[in-house]
Amino acid sequence: MISLEDIRRDYLLGGLDLDQLDASPIAQFETWMAQAIESQIPDPTAMVLATANKDGFPSQRIVLLKKLDEQGFVFFTNYGSRKAQEIAEQSHVSLHFPWHMMERQVSVGGVASKISYAETLKYFVSRPKDSQIAAWASAQSKPISSRQLLLQQFNAIKTKFANGEVPLPDFWGGYRVVPQRMEFWQGGGARLHDRFVYEREGNSWAINRLAP
């Protein structure tokens, strides 16, 4: 079995203090996201989405953050997917942004719900046409016999909509995660990392430092 216990490194890129934080976790996240984009780290909008079914059994996958606003975090998916089915059963979810190259991570706990048709449509029409076609071609999370069959379905849809716009599927759309708790983590020397948690208190947020 491969040995893992000696794989480690020091965290040297700097600390995080309370007076550096915005009063709003959304504003603080926007600052960190802008810095992640500017740093040209790979896939800065990639986030781990954790859901659970009605029995509490969890699942995770990486999805892309496609919109950030004052209300929360928006992603898109097939409504028949496992994640969508689990959100329908139990709407509490968790997001995680692992920005390893910046020695940072952000965790978000909140409630997911579908966004409006108009909001979904606005995003869908902005997608590349092949991505629009892929939304139609894939019955996400369902068993499929081969990749060849998937490509056949894709090509059939592509032919169908070759001379016109691709309509928005009624089985595809967006979710917004409204945060109730957000944690910002900055790596520190000697494993003395800096952690700050925002917790919603009515219309405001309480901020506390956590032990690493």
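Keep in mind that glycine also has a Cβ here, set from the backbone N, Cα and C atoms.
LYS66 is the only one of LYS54, LYS66 that Swiss-Prot places in the substrate site (with ARG8, ARG9, ASP10, TYR11, TYR123, ARG127, SER131, ARG191, LEU192, HIS193). The Cβ neighbour count for ARG191 (substrate binding site), using a 10 Å radius and every protein chain shown, is 10.
It is 16 Å from the Cα atom of ASP10 (substrate binding site) to that of GLN105 (FMN binding site). The closest partner of PHE76 (FMN binding site) among the binding-site residues, by CA position, is LYS66; the full candidate set was ARG8, LYS66, ARG191, HIS193. Under the three-state DSSP scheme, ARG82 (FMN binding site) falls in the helix class. Cα spacing between ARG61 (FMN binding site) and ARG127 (substrate binding site): 21 Å, rounded to the nearest whole number.
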